[in-house]
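Only one structure is covered here, and it is reproduced in the block below.
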């Protein structure tokens with residue numbers, strides 16, 4: 001009795017999943033995608049919480065006074081710690097990094113652009129361990145890049161485990177990306193906008209709702225564990241008068257130039273690093289980080305303690321200049337040589353320094369009163385992040401949520417726009433993430449028509465009114481097919497689907513020839529299309545790629561049920577795909 005019940009339950013579950021997969025292939029399957037987005041957010045939130053507990057708990061036990069006080073370490077340890085961490089990462093990469101030359105946000109973008117958002121378990125484990133080691137050993141990197149990767153992997157692996165269509169896997173990857181940013185910084189809105197802006201996804205109800213649910217659910221878990229206090233607590237700040245807009249504009253220009261230098265330096269170091277073996281390249285990164293740890297320990301690790309000081313204290317301009325140069329060089333060397341950490345945190349750090357420097361220069365010139373350094377540091381963070389990532393909305397919302405300071409919105413918009421124009425139009429720089437991809441011989445394209453086709457699965461537009469038969473039929477069989485009113489006939493050749501013929505072609509032939517008892521479907525006059533197979537999980541863009549690469553004229557949609565046993569779900573023509581892309 002139990003065996004029968006188990007079989008019935010498995011059968012019902014299997015049929016339910018099959019129906020879910022077919023429904024999710026449609027771009028408007030909002031309710032199902034919303035539920036999956038919520039589940040992805042919870043899963044990604046748990047992963048990010050686990051990562052933060054491991055890293056922050058270890059730092060609290062290792063460093064004196066508090067978990068970011070690298071300055072309190074002896075000089076020898078500030079030198080050795082990054083080197084030892086780099087060696088550990090190098091050994092980890094040598095053993096497990098096959099096919100994973102890039103991690104972090106850039107890797108997520110590459111998997112989305114060229115692999116339908118498929119992430120693997122090896123990359124997940126590699127990112128978790130290597131990023132934890134990088135942060136613990138004091139490398140000048142952020143945690144948001146690893147968090148995005150881990151969140152995106154959580155969504156992608158969930159979709160793969162359920163064998164969902166590829167358009168759903170792509171959406172769950174975006175949900176995980178938003179969840180990663182949300183749980184990392186307690187910034188749910190910035191997480192949503194980051195996923196849509198950086199991954200070049202659609203601004204639509206279908207795209208927004210699952211991603212919002214993922215960001216909110218991940219943030220709720222993070223708040224439950226770490227609290228709801230802002231990541232960077234600063235007093236309320238605002239623009240004192242319209243006359244302050246002059247130094248605000250100068251700050252935008254300054255931040256745009258520093259952003260371009262940051263991107264160029266990272267690109268140059270990464271290009272040079274490709275000539276060095278992975279092990280020695282990472283060891284070199286450790287040595288450089290160790291030297292900067294000795295000379296300027298404020299640049300070590302995540303640097304949130306130093307960032308808080310930059311937002312609350314006015315520091316001497318000479319120290320700020322040295323700090324900016326040290327952070328710029330240390331981060332570019334670490335990330336460019338392959339240390340698997342984030343670039344957003346360092347960009348915020350450098351932006352705060354740029355803002356402080358601008359305030360110091362403006363105060364010395366009589367443009368503003370002294371004591372406004374915190375406000376300009378806040379604007380500098382937004383400008384530097386926006387220009388470096390070329391994601392202005394994500395930068396603005398991130399800074400507002402990080403500091404709970406809505407007074408930065410209007411002047412922040414001005415600095416972000418100006419910094420972005422300087423970096424992109426004057427210096428011709430791509431975003432940090434695209435630069436990292438290009439420096440490793442990869443590219444990233446996001447054409448609007450291609451993105452439209454990737455949002456729908458083949459199951460959403462396939463024709464299911466078909467039959468499959470051998471090329472030779474007797475007249476009775478042929479007349480039965482015509483009476484069924486089928487749109488298409490799949491013609492087998494040597495036991496495999498080979499051609500697709502419109503049902504009307506057979507009907508017309510039977511009406512013209514009423515005497516022949518045996519009918520060869522390959523011989524009768526009419527239109528026939530050469531067939532190729534496409535998996536049920538594929539998107540419409542993948543279907544077009546198969547038609548082009550294999551020289552086929554139509555596709556049959558299939559999925560393996562068991563080894564050697566495939567089930568055909570429907571047929572698809574090029575005309576049908578092109579028609580779907582217009583709406």
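Note: Cβ is positioned from N, Cα and C throughout, glycine not excepted.
Predicted automatically and left uncurated, TrEMBL annotations should be read as such.
Feature annotation from TrEMBL assigns transmembrane segment to 30-55 (among others).
According to TrEMBL, the feature transmembrane segment maps to 75-96 (among others).
According to TrEMBL, the transmembrane segment annotation covers 117-136 (among others).
Within its own chain, the transmembrane segment (171-196) is flanked in space by residues 33, 36-37, 40-41, 43-45, 48-49, 52, 108, 111-112, 117, 119, 143-144, 147-156, 158-159, 164, 202-203, 207-208, 210-219, 221-223, 226, 228-231, 391, 393-394, 397-398, 401-402, which lie at least six positions past its ends and keep a Cβ under 8 Å from the stretch. The transmembrane segment feature in TrEMBL is assigned to 171-196 (among others).
Only residues 6 or more beyond the boundaries of the transmembrane segment (208-226), in the same chain, are considered here, and those with a CB under 8 A from a CB of the stretch are 30, 33-34, 36-38, 40-42, 44-46, 48-49, 52-53, 151, 155, 171-172, 174-176, 178-183, 186-189, 191-192, 195-196. Residues or ranges marked as transmembrane segment by TrEMBL: 208-226 (among others).
For 246-266 (among others), the entry in TrEMBL reads transmembrane segment.
TrEMBL lists 278-297 (among others) with the feature transmembrane segment.
The feature transmembrane segment is assigned by TrEMBL to 317-340 (among others). If one looks beyond the transmembrane segment (317-340) by at least 6 residues along the same chain, the residues whose Cβ comes under 8 Å of a Cβ in the stretch are 86, 89, 93, 103-104, 126-127, 130-131, 134, 139-141, 145-146, 258, 261-262, 265-270, 273, 278, 281-282, 284-285, 288-289, 292, 295-296, 298-299, 303, 306, 346, 349-350, 353-354, 356-357, 360-361, 436, 439.
Marked as transmembrane segment by TrEMBL: 347-368 (among others).
Among the features that TrEMBL reports, transmembrane segment is placed at 374-396 (among others).
The list of residues near the transmembrane segment (30-55) in space but at least 6 beyond its ends in sequence, with Cβ under 8 angstroms from a Cβ of it, reads 20, 23-24, 128, 131-132, 135-136, 143, 146-147, 150-151, 154-155, 158-159, 164, 168, 171-172, 175-176, 178-180, 182-184, 205-206, 209-222, 225-226.
Touching of the transmembrane segment (246-266) and the transmembrane segment (75-96) is ruled out by the presence of fewer than three CB pairs under 8 A, sequence neighbours closer than 6 excluded. Pairs of Cβ atoms less than 8 Å apart link the transmembrane segment (75-96) most often to 278-297, out of 117-136, 278-297, 347-368, 374-396. By the Cβ criterion (under 8 Å, sequence separation of 6 or more), the transmembrane segment (347-368) is in contact with the transmembrane segment (374-396), since 3+ such pairs are found. Counting same-chain residues at least six beyond the ends of the transmembrane segment (278-297), those with a Cβ under 8 angstroms from any Cβ of the stretch are 70-71, 73, 75, 78-87, 89-91, 93-94, 97, 137-140, 322-323, 326-327, 329-330, 333-334, 337-339.
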